[in-house]
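Engineer: Quick paste from TrEMBL:
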TRANSMEM  12-31  transmembrane segment
TRANSMEM  43-62  transmembrane segment
TRANSMEM  97-121  transmembrane segment
TRANSMEM  142-160  transmembrane segment
TRANSMEM  187-211  transmembrane segment
COILED    259-286  coiled coil
TRANSMEM  303-322  transmembrane segment
TRANSMEM  364-394  transmembrane segment
TRANSMEM  406-426  transmembrane segment
TRANSMEM  483-507  transmembrane segment
């Protein structure tokens, strides 16, 4: 029996180990792709890779959690021979300790490591004194540490009681689940802090992921303008600017000084000419590159991928809408965080994932695809919009030209979005995230001609009506819903996500084709950045 339990446990964790290796490789390639070749720093690169990897690893723990609770039971609804109370508790605690470790590391990255490295490199530009840089970075980082301490203290002592007016039978079940989960102040504090970061991740997902879900597929379908056509237009622009410059300079040939207005115009035209000539160099390099020829050859494949991605985006949106509508119609309302146990209105993903979960590891593969889809759409949104603080544009994210500070900002945003991804997956497939493919036995009295006959048992999918000792709820679900007010915020955030996606879809449809060198040439670039052309175009 013990050997069987160990085998089931080992299978789930071995797959998690493979996912860990794949995540580390992906993060290294991803960060190296976007970091600046001229301004790359070892510490910022390691920090970015590690932070993004930890976030992805925490999301990889979700299917492990679901796999382990599902494999404690057979398909007929009975517990396996080895899955007694002690073994079940041991397995659940193993997953819980995994979340403890990963979420603690995430707090360390968000509130200490990333801020320190960021401010260290911010100061490096102004002062070469390492000691002074460290002191200044620690001073600013202390503010983040204070915020973390406040969140932990609030989380440790915040009241978790649901308002009395919602004392329904279903809410009694929720309370019992949380009591089983544990009531230690440390666990509550960690859950509160991570939930706070998840809310920030929700805002980032609404801003970047929702827009990226529409921008990425439509950009693939539309394609880009050709380098030859852009070069022709750029050459015409250069000639026009040069003629304008000659007209202005001709005014001072007889020794007369230029007016202040003409001097400003002259300066603006010279700057525009510098940019146009840089564009000419980039366009010439792109036109001759093997990558451009390869991209043209696989153009039909890009269109197919674009159509596929837009179908997936619409599938996600419909599933999210149905899940939120279910909560709006059948939950206990705002004061309960719109939490429901089970589903009354199913959606495509909620039906698909439990079926795939029975054929190991198909659900793991699909969850990985969903997480990576959110990563790529988020990246598409960030690349199109840049990183903003309200109306101030802080950084641009460009392949091979992203500064160390921008890279840290990028990985911080992606880390928070990936944190929110766990709740997004719950919203898309609540039944799967809560119970996996678990079933339980229901007793049915058979009657023939009105006379009672033998008792029979039939299996039924786990839901809110299941007896407490028959279905095991995942640790992920309890982490996500320990505080009802965060659940309420997630609910409204989902509606905002749907709205931004639809707006982004309309905007993306109205936009024309992107430039073949979109984002590669900007006014604040120096001519030295052209040295990196060979990295991508030859």
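Every residue number used here counts from 1 along the chain in the order it is shown.
In case you wondered, yes, glycine gets a Cβ from its N, Cα and C as well.
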Engineer: What same-chain residues lie close to the transmembrane segment (406-426): Cβ under 8 Å, and 6 or more beyond its ends?
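Structural biologist: For the transmembrane segment (406-426), the far contacts come to 31, 34-35, 44-45, 47-49, 51-52, 54-56, 58-59, 62, 106, 109-110, 114, 117-118, 121, 194, 197-198, 200-202, 204-205, 208-209, 320, 367, 370-371, 374-375, 378-379, 382, 387, 394-397, 433-434, 476-477, 480, 490.
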Engineer: Could you name the stretch, out of 12-31, 43-62, 97-121, 187-211, 364-394, with the greatest number of CB pairs under 8 A to the transmembrane segment (483-507)?
Structural biologist: 187-211
Engineer: I'd like to know if the transmembrane segment (97-121) touches the transmembrane segment (187-211) in this structure, counting it as a touch only when three or more C-beta pairs sit under 8 Å and are separated by 6 or more positions.
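Structural biologist: Yes, the transmembrane segment (187-211) contacts the transmembrane segment (97-121).
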Engineer: If we call contact 3 or more Cβ pairs under 8 Å (sequence gap 6 or more), are the transmembrane segment (364-394) and the transmembrane segment (97-121) touching?
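Structural biologist: No, the transmembrane segment (364-394) and the transmembrane segment (97-121) are not in contact.
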Engineer: By a Cβ-Cβ criterion of under 8 Å, what residues six or more beyond either terminus of the transmembrane segment (12-31) are in contact with it?
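Structural biologist: Distant Cβ neighbours of the transmembrane segment (12-31) are 45, 48-50, 52-53, 56-57, 60-61, 64, 67-68, 71, 361, 364, 368, 407, 411.
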Engineer: What else in the chain is close to the transmembrane segment (97-121), if you only count residues 6 or more beyond its ends and a Cβ gap under 8 Å?
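Structural biologist: Distant contacts of the transmembrane segment (97-121): 41, 43-44, 47, 50-51, 54-55, 57-58, 61, 64, 133-134, 136-138, 140-141, 144-145, 147-148, 187, 190, 193-194, 197, 404-405, 408-409, 411-412, 415-416, 419, 475-476, 479.
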